[in-house]
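Data first, discussion second: the structure below is written as structure tokens.
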Amino acid sequence: MPMDATTSGTPTIQYHNINDQPVTVTAIVAVPVSTYQRNQRHCFGDLIPGEFPLATNPSIVLHVLTACNLDPQDLAKLEATCSFFRQPANFPPDNELSISELAALDMCQKRAIFKPMAPEERQDLKQRCGGSWKLVLRFLLAGEACCRRERSQAIAGPGHSIAVTSNGVVYSFGSNSSGQLGHGTTEEEWRPRQIRSLRGIRIIQAAAGPGRTMLISDAGQVYAFGKDSFGEAEYGAQGSKMVTTPQLVESLKNIFVVQAVIGNFFTAVLSREGRVYTFSWGNDGRIGHQTEPNDVEPHPLLGALENIPVVQIAAGYCYLLALACHPSGMSVYSVGCGLGGKLGHGSRTDEKYPRLIEQFQLLNLQPMVVAAGAWHAAVVGRDGRVCTWGWGRYGCLGHGNEECESVPKVVEALSKVKAVNVATGDYTTFVVSDDGDVYSFGCGESASLGHNAAADEQGNRHVNVLSPELVTSLKEVKERVVQISLTNSIYWNAHTFALTESGKLYAFGAGDKGQLGMELVNNQSERGNPERVDVDLR
């Protein structure tokens, strides 16, 4: 149901008198029984019995709506069923706003990325979202839900790792050949080490690519270090120079950034207004603009998403996914290389401009989270269903085979699981359920699936999993998992992080460069079972 501040056409519910009748009790001994007078409640002070005096205390109603943090859809339903909630409330800053619109605005003002916006910027965002504060609230909440903004998080990059506490303190560890750990050196770190140069700066988002790291502060500024390029190939190139400490990205100073992703040959960022900007990989207009590989200027992503706010972006091998927020609901767009069917349009052709993935409408699925693996992609729907598509090698799509799917397909093996999050890597997929259970499937190389399978007849422990399996080793930590991150690279052995509700971080998979945050013994290069990382992310 589209949400706005207008009347839906639903008739106001009518209440009728219930006649009070004396109640008489007959027993062996007659006992006189009093007749009770029902108290009458009035809505608009016109003495109509059965209604609540909302109009006499609109400020109390507004406080209750705001304090309860109602869902935007619930606010829209209130407007649709009761005229009190859709008529002008005569409250500042806009006397024409309804109570439910004011409640939505109040809740928007609690969001960190909304607070610093100037009045004209807020109005621009309102119009961009569809002309309603309820739609703005939905846009803000959707971004928080899928990106863990301002909450603890861990990023399993290609050979190196980033961990961010709920207070915005950053730790890094693992490979450091290009200075991607941000400590001013190129030495590996086998234990989490705080990036001291960021003291006084609160980080809310992180992205890790091959030899490069990007961090986003609560002020919307972007810091980058490692390879000094936005668009190098993943393997073999070292860049014109290396940056070993976090440096402010000057070309993004005038854009309030809330998310960054590093793909192969390109980088993309998302602004707080829901606009997507890309760097590099624009030769032949591959992602909507012409540019050179060493370009350091952001370019707005042209085409269908120019006037539609985006809440999340995800980057894979030469392609980009965008979760967009329409007034009528959520949708997914894709752009870039179409090999393997990973763009989701029923073909393997490239797309130079963002194109709507129409299959979700046919599946009656509202996308809430997107994930872009190297060659496959996944989405979690509002109803908890999981869809995957792209190259199905090693069973990474979870459909029980290794076939390609060129349009999103529901993972039927998870039909009894309500998913809330999904993460994808190089032919690997993880799904987190609403009760904190974790399922994985796909390539078993580097023990990154967490199943720690017994060796087969050939002594191979890296068994591929064609259908979702519960990661029982994570059940043993006896805590609810809230985030999974895994390496999304075709050149690096994968490792995986599991973050629990209490801020504990567990790691497994490849650890030959220290990317697990722990020392390995007896010439080990990986860990098959989750091991606690010595860092507190609360």
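Residue 1 is the first one shown; counting continues down the chain.
Here the Cβ of each residue, glycine as well, is placed from N, Cα and C on the backbone.
Under the heading domain 'RCC1-like', TrEMBL lists 152-486. Annotation source TrEMBL lists repeat 'RCC1' at 168-219, 220-273, 274-326, 330-383, 384-435, 436-502, 503-538.
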Secondary structure content, the repeat 'RCC1' (330-383) (per DSSP, counts of residues): 7 helix, 25 strand, 22 coil
Tertiary contacts of the repeat 'RCC1' (503-538) (same chain, 6+ residues out, Cβ under 8 Å): 152-154, 156-157, 159-161, 163-166, 171, 173-175, 188-192, 446-448, 450, 452, 461, 473-474, 476-477, 479, 486-487, 492-497
Leading stretch by Cβ pairs under 8 Å, where the reference is the repeat 'RCC1' (168-219) and the options are 330-383, 384-435, 436-502: 436-502
